[in-house]
Every structure is written in C-alpha cells, then in structure tokens.
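Copied over from TrEMBL, here are the features:
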{"type": "TRANSMEM", "residues": "A:12-30", "note": "transmembrane segment"}
{"type": "TRANSMEM", "residues": "A:36-56", "note": "transmembrane segment"}
{"type": "TRANSMEM", "residues": "A:63-82", "note": "transmembrane segment"}
{"type": "TRANSMEM", "residues": "A:88-107", "note": "transmembrane segment"}
{"type": "TRANSMEM", "residues": "A:112-130", "note": "transmembrane segment"}
{"type": "TRANSMEM", "residues": "A:160-180", "note": "transmembrane segment"}
{"type": "TRANSMEM", "residues": "A:209-234", "note": "transmembrane segment"}
{"type": "TRANSMEM", "residues": "A:246-272", "note": "transmembrane segment"}
{"type": "TRANSMEM", "residues": "A:284-309", "note": "transmembrane segment"}
Amino acid sequence: MKAILRSRLTPLLALALVMALVPMIAPTSFHLRVAALVWIFSLAALGLTILMGYAGQVSLGHAGFLGIGAYAVAIGPARLGLDPLLCLLLGAVLSGLVAWLVGRPILRLKGYYLAIATLGFGVIVALILHSETELTGGPDGMSVARVTLFGWRVTGALNWYWVSAGALLVGALLALNIAASPTGRALRALHDSEVAATGAGIDVSAKKLAAFVLAAVYAAVAGGLLAAMNGLITPEAASFSHSVELVAMVIIGGLGSVFGTVLGAAFLVVLPQALTAFQEYEQAVLGLLIMVFMIFLPQGIVPSLRALIEERLP
Amino acid sequence: MSTPLLDVSGIGIAFGGVRAVDEVSFKVATGEVFSIIGPNGAGKTTLFNLVTGIYRPSRGTVRLDGADITAVPPHLRVRSGMARTFQNLQIFFRMTAVENVMVGCALSERTSFLADLLGLPSVFRQNRVTRAKALALLERVGLADLAEAPAGALPYGALKRLEIARALAADPKVLLLDEPAAGCNAVETEAIDNLIAAVAKSGVAVVLIEHDMKLVMKISDRVLVLAQGRPLAEGPPRAVRENPQVIAAYLGDIGSREADRAHG
Ligand SMILES: Nc1ncnc2c1ncn2[C@@H]1O[C@H](COP(=O)(O)OP(=O)(O)OP(=O)(O)O)[C@@H](O)[C@H]1O
Ligand SMILES: [Mg+2]
C-alpha cells in the first residue's frame, strides 16, 4: 500500500481515471467546460509546481507567460494568417525565450525580491496587452480563430475536454519524469541548500533558469489552450490576480505534488462557480475557505492526506 | 614533499576593512592529511570559502593539479576535483539520506535535460547506477541502515557523516572537511577519524579544520595554525603543539573553550 502511494505513476493513473469518470458523472456541456478549465489551469500550475515545489523559486508573474501563450494563439492567425496549432507551439517557444531572457537577471534574486521581480514582469505583460490596442484589441480583448487539429475542427465542450485532458496528462508525465531524474534531484537539492548544491558541482543558476523556462512553457501552452477553447481572450488572462491564483493552486495542492496541483486547481476553478450564490461576498468566502484549508491541511492536500494515511497503516 | 596537488598562495580577503584571511599560503599533497586549526573567528572557514570559490579572494591564487583555478566558479571547481563539507550543516533536509548522496554524484551523471524530461530509459539506468554508488558510500561512512530515512530525521552525528559521503560522491582529489567531528560523541569521532585516514590513504588530499586536538594530533601529517586571519605556525603536529606562540595564542583559547563547555 505504501509502495503504491509512493509510486511515480500512481498520480498519473489516478488522474487518467478521474478524467475518464468526469464525463460520465457530469455530462452537461457546462460541467465539461468547467472540467476542461480545471485541466488547463492544472497544466499552468504544474509548471509552477516544478519551479516552486521542486526548485523553491517563487513566481508571482506567471500569468504573464500564460498571457503570452494565449495571445500568440489569438494574434498569429488573426494578424499574420498563421495556423493556430503552429501558433500554440510558437507561443510556447516565445514564452520560453522571454523566460530565459527575464530569468537570467531575476533568478539571482532570492525570496521576496524574486517574488517582486516576477510580479513586475507579470504587470508589464498585462500592461502591454492592455495598451497595444492595434495588436491585442486592448482591454476588450480579441476573438480567437477555431483550432484545427490535423484537419479536425476542435469544437464543442466534450472535444475540448479531451484535448485539455490529454495536454494535462502529457504535462503531468513530463513533470513526474523530471522529479525522478538527476535534474529533479538537483532542483530539490538547491531548494534546500544552494551552497551545498553548488558544492556538489551543480550549476545552480542554470538549473533555476531551466525550471523557470520550463514553467513558462507550461503556462504558455495552457494559455494557448484557454484562448482557443474560449474563442476569446482579454488581458485579464495575464492579470496579477491570475498569477496569485496559480501560486495558490500549487500551495493548496501541497507544493511539489503533481496530483495535489490538480486538486488545487480544481478547488480554485470549481469553487468560484459554486460560490456565485454568495454574489459580492464570493471572493471573501473563497479567501476564508483557503485559510481554513491551510489551517487544517498545512502541507497542502496531497502531502497532508498521505501523511495521515501512512500514519494509520501498519 | 612531492608535487603539491593543492597550492594556495598568498590568499586574502577583507570584510569591511577587517582582514578575515591575510596572506595565507599552504600546499597539500595527494594522500596527505593537512589540518588547519586556530581560535574561533581565526578565518578557517573563510579560508575554505576562498579555496572553494564561494568568496573571490582580493589577492592570491589557488592552484589545483598545477592549474590556476582562482577565477573558476565554485560549481566548476568540483569538476576539477574539489569537494567539501560545511561547518554549519548544509543538508538537503527534505530528501532521504541516499538522495543526498545521489545529489553529490551529479557530476558523474550523464543524462541531458531533455532525456530527464522525457523519462528516457537512459535516465532510469543512470538512476540505478547513481543509487548503487550512493548506497556504497553510505555503507562506507556507516549509514547504510539509514539510507531511506528522511535526512531531516537523522541525528547530528549521522548528518556530519552524511555530508562526508556526499562530498566523496564527487570523487574528489582534494577533500576539505570543516569541523567534521564537531558535536560528535567519542564513538562517532573515532569513526570519523578512521574514515579520514582511509580516505587519505586511498589517494585523496584531505584538508581538515578541526577543534578536537586529539583528533588533529593523531591523524594530521602537517598542521597550519591561523590566528586573526594570519598564519602563525606550520609544521608537523608535534612541532606545532610545542610552538610557544601557538600555545599562547591558541591553546589558551582551547582551555577557555573547554571550561565553557564544562560549565554548559
Ligand atoms: N561573509 C562575511 N562577511 C563579513 N564578515 C565575515 C564573513 N565571513 C566571515 N567573516 C568574518 O571573518 C572572521 C573569520 O570567520 P570564520 O568563520 O572564517 O572563522 P573560523 O576560524 O571558521 O571560526 P570558527 O572556529 O568559529 O568556525 C570572523 O570575524 C567573521 O565574522
Ligand atoms: Mg569555521
């Protein structure tokens, strides 16, 4: 039982199982859209799980990368006549490139300073998306062309459900691969002691940068999927509150747990839908629930539950 | 002495006008145990930080195997054969004991970032090789039973040895140990003592900072005494111990330390 709890592929199988079950339990297109949103935000948060959970580096501007990916899929086809799928890839590459350029100076900073610097980056992206009206449509945003996957026009909630679920499964597999590799060990090591990681011959700045770039690529792919699924994108996608939500998903899930990240994302995507009854108090209730969560499961959902279960097992 | 493996020459650094290390030179040969002693704040750890590249010296050079590595960044010095432990434990507390040592093997690992990301079979082969090496090292320092324990749960004496195992994982030519026996009981100190002797015998140059005089006198080939950042004396343990200057500057301090300890 403990072996199963610890196995690398357990979270992946659990995730696939949940993905297969959801359409049976909740077949309306509204529910499927919400579920697809969960998968997409999980994907974005998974990148942060690698950066924050494994490597211990905070990014408070990660929605900026999500915005880059989203607007690549919006702008490419509309303004340059490019294929949307190609734009999804280009957006991921562009986002990774920007992360590399921005990350090199920023990642030398630690703790709060890193948080503030990444926050600044996110604000700049949101500002550009707001003000470059000719390109981005400004605060009203712009509509996004339909995506064609190898001749198949992706429309309808169920199709988007499976596309986003597939993307998340791939993302989760890669994140789990990294965790179980020399790179993952290096990231977890520098999280605990940069000086000792350096002393083991690890190029700490290069590893941090790799994690940052990877996290940016995850966010950009998620952003691209979000834009394509919704058929509309606004600068809100790159907003600071979105960045904070992504961080909250990772923390609620338990900093470093892949399955936990998905639960964290589900929590923060589904709950606001369920809380609409509270109207203007929605945000306050959400905040309260997050606080309650952190008080009773301080390590996040998955690690806390795992500890509880392991305690009870012989 | 045969050709020195580690050659530190005229090295120095100042912090806000205070010369923490000033004009210190020493050479260490393969298979030798070279100890650095001195009162608290003498600059011993700072000297290690200069030699390993954590600090850039304001003057002086560090040569390893004939090559000038003064400007080489610290993570690359490991590649040229330099590994160390830390006075204030630098453990990866959220990892298991064996994982800590596996991190120390990083340099001998041959997988690319892309292979790691894709989870190619080569990564799993590498993991097995690394793990086997790490387990053998844990065995060597007497921690085999605790391999799968979270490092955060290990007792202090075990963590000291875990750091040595992790440093050895880099297959160093020079091993710098900063107070490896501090806080250890007599049995643990004895084990560390034997371990250091065995490591030196296997052809590693060992540089040792240690306050435990019995340990120093027993296993050192040569001793360097630092006081206020400056070299006070250097030579075989016996000669150093009998040096009147050393007795005045250092052994008095040891006496007061022992007294402090006795009073808790
Ligand atoms: N980064 C730094 N900034 C300012 N001062 C420093 C720094 N590192 C060391 N020092 C100072 O240099 C001096 C030497 O310190 P160091 O830690 O090298 O002594 P030590 O010989 O290792 O002492 P101990 O036996 O207590 O470990 C001390 O006065 C210390 O305060
Ligand atoms: Mg010291």
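Yeah, the Cβs are placed from backbone N, Cα and C, and that goes for glycine too.
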Where, among A:12-30, A:112-130, A:209-234, A:246-272, do we find the most CB pairs under 8 A to the transmembrane segment (A:36-56)?
A:246-272
So if I exclude everything within five residues of the ends of the transmembrane segment (A:12-30), which remaining residues of that chain have a CB under 8 angstroms from its CBs? That is, six or more out.
39, 156-158, 161, 165, 168-169, 172-173, 176, 258-259, 262
Using Cβ atoms only, state whether the transmembrane segment (A:88-107) and the transmembrane segment (A:160-180) have three or more pairs under 8 Å that are 6 or more apart in sequence.
no
Kindly say whether the transmembrane segment (A:63-82) and the transmembrane segment (A:160-180) touch, using the definition of 3 or more Cβ pairs under 8 Å where each pair is 6 or more positions apart.
no
Beyond the flanks of the transmembrane segment (A:112-130) by at least 6 residues, Cβ under 8 Å
57-65, 67-68, 71, 102, 106, 136, 138-139, 235, 238-240, 243
